[in-house]
Amino acid sequence: MRRPHLSALTRSALALAAGVIVIDQLTKWWAETSLTPGAANPVIGELIQWRLVYNPGAAFGLAAEHTWILTIIAALAVTALFALAGRMRTRSGAVAVGILLGGAISHLGDRLIRTPGFARGHIVDFIDYNGFFVGNVADIAIVCGVAALALLNIFRIEPAAPPEPARPDTA
């Protein structure tokens, strides 16, 4: 059986995604082994602090009672991003989708394997932005990826090829 060919841009997007996952999970491991939950550790005064928290919800703790729904949404997002990664036309699009995909996969992994259990796992957050919110490396990647895709769209740089139309049956 022949394996499908991945373009250089798709391979780049997937490599970036893998890099984001590794960095995010390593920094979460560091946070869990080095920080006391809830305790503030100033990095840049009170502007940026290390503060370990476990987030069952989405951004800003939203939907904390519906972690399993967030897990389903994350799985759907990862699936869509994999499809998009396969249609990259530009380096900038590959970078944007790659870092976004990496952040999304890392969060999905947290939801699937972390405490309190499968599909209900809490996200490890440890970067406190002056009390505004606490996040992690995956959050940074997601925000940067979404912002980059938005800018590509605003400046009409087509990051991905349009989906191919369904082929009619010839039988």
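Counting begins at 1 with the first residue displayed.
Using N, Cα and C of the backbone, Cβ positions are placed for all residues, glycine too.
Here's what TrEMBL has on this protein:
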ACT_SITE  ASP125  active site
ACT_SITE  ASP139  active site
TRANSMEM  66-85  transmembrane segment
TRANSMEM  92-109  transmembrane segment
TRANSMEM  129-152  transmembrane segment
- Cβ contacts within 10 Å for ASP139 (active site), all chains included, total 21
- Note on the structure: ASP125 (active site) falls, by DSSP collapsed to helix, strand or coil, into strand
- Message: Helix, strand or coil by DSSP: which one applies to ASP139 (active site)?
- Response: helix
